[in-house]
Amino acid sequence: MGKIAVAVIVSSWVVAASILVNRIVTEPYMDEIFHIPQAQQYCEGNFRSWDPMITTPPGLYIVSLAYVASLFPGIFSMKADVSFSDACSSSILRSSNGVLAVFCSMMVYNILTHLRPSLTDRKVTLRTVVLALYPLHWFFTFLYYTDVASLTAVLASYLMSLKKKYFFSSLVGALAVLIRQTNIIWILFIACTGVLDYILDQQKDTADLTDSSQSQGKDAFPVSSQGVGTRSNLRKRRIHNQATTFSSPIHQKIASSVPSSDFSHEMREIISRLWQFKWEIIASFWPYLVIMAAFITFVFWNGSIVLGAKEAHTVSPHFAQLMYFSLISVLFVTPVHFTIGQAAALARSFWKKNKLVSFFQLCTALAVGFLSVHFFSIAHPYLVSDNRHYTFYLWRKVIKFHWSMKYLLVPLYVYSWISIFSILAKSQRKTWVLAYFLATAATLIPAPLIEFRYYTIPFFFLILHSHVDDDRSWLLMGILYVAINIFTIYMFLFRPFSWVHETGVQRFIW
């Protein structure tokens, strides 16, 4: 098994499902009516043409242009009278996402092997295949949307950062921002985690030098034969400890590098190290600063984060979006979060701590949840008027079922976040968890529209760093994903419907 097996498995369903989708859905659908014509304009060389309804930058179209150019010699050899613009058909453009989905699975495989080197190829393959089936990612593999390209670019940037190739990471990060501008948050997150890794490595190197000098000092003194045996045992123990350290992934080292679990201690240490290695950090991470400066310049020049349809995508304080994300994410990992064992573990951790402090924290979390859904819950016009999305039915049939329903769901939201934090805290440093939460909040809170597609990147970072070692849980997740995917693709392809006073077939979609 391994990467080849992953590529073969993912390619098999990408090819089969793509053929089925292109045979039934022959015309551009929903957001494709903007993306496909725009990409075709680029294929014709009209780079100054731009649809004002498109909100994202042209990164996807640039990638598609390169993809079609790589295929064109083969297409031309089979059909000599075809032009380059003719090669940019809907099916060809959609297939670019299929290819990117395979590349994305390779990124996931490599990230898992880097973060969890102790996992066997079989276990990494299982996890990668299951994540490739993640419904919010899987469905858009067959349509011409920005989601697959966006996730692939962000994960590629993260993988290069883990390998300490920061310049190449920033280059791919720039492409990720060109595909979807909100990816600037995740590129900043990648840079922050890279800085944490860099600080830890410098700290480890300093500790190794100190340990080496102490060892040489001890060896310089004559000792008895018993001392030789003792020194030999100490050396063996030291070598074993170093081997254990080097065999652990970066983020496990981050989680265990601070002897105190106190968050303030972590922050003081990080600030101290940042100042100590400031010039080295600037020398290594300056490309990320360039990307950030360019993005800020763009926002000032454009007057908004989005390019087009600015009135429908104004930045709004949508704090309830964080609540929705937590519940949706743990539902997609139900075998891990919604179990008796996990609930019991959370209850035990609650009682082990200072009960008064824990009770205050829980009340604060519930209060924040209630305030979020009461004052910062937004019903976007697209949400309440478009019945082609899951979110339309969840909003009408669940959240708006009764005036009290949105409040009754708050304990579930709070439980979801507590469970997420508890899983991450087992393997990640508290500063990493904080950075992840802030990145997720910065991505979701400004978005007025509830779109589950927006949850894909934070979900992948969450699941990749949640050390779920139970293969049974992964198999159950895979079964859950397959069931959801079959239902969704069936509804999309075989249960079309019509709108009154509208022409054309409407289809169910995420």
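Glycine residues also receive a Cβ, built from the backbone N, Cα and C atoms like all the rest.
Feature annotations, reproduced from TrEMBL:
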type	residues	note
TRANSMEM	6-25	transmembrane segment
TRANSMEM	58-76	transmembrane segment
TRANSMEM	96-112	transmembrane segment
TRANSMEM	124-146	transmembrane segment
TRANSMEM	166-196	transmembrane segment
REGION	209-233	region 'Disordered'
COMPBIAS	209-232	compositional bias 'Polar residues'
TRANSMEM	281-302	transmembrane segment
TRANSMEM	322-347	transmembrane segment
TRANSMEM	359-383	transmembrane segment
TRANSMEM	403-425	transmembrane segment
TRANSMEM	432-454	transmembrane segment
TRANSMEM	474-493	transmembrane segment
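If you look at the transmembrane segment (359-383) against the transmembrane segment (6-25), you find fewer than three C-beta pairs under 8 angstroms, all six or more positions apart, and that falls short of contact. Below 8 A, the CB atoms of the transmembrane segment (58-76) and the transmembrane segment (432-454) form no more than two pairs separated by six or more positions in the chain, fewer than 3 in all. Counting same-chain residues at least six beyond the ends of the transmembrane segment (6-25), those with a Cβ under 8 angstroms from any Cβ of the stretch are 90-91, 94-95, 98, 101-102, 105-106, 109, 125, 128-129, 132, 141-143, 489, 492-494, 507.
The stretch from 124-146, 403-425, 432-454 that makes the most Cβ contacts under 8 Å with the transmembrane segment (474-493) is 124-146. For the transmembrane segment (166-196), the most Cβ-contacting stretch among 96-112, 124-146, 281-302, 403-425 is 281-302 (pairs under 8 Å). It is 432-454 that, among the stretches 96-112, 281-302, 432-454, forms the most Cβ pairs under 8 Å with the transmembrane segment (403-425).
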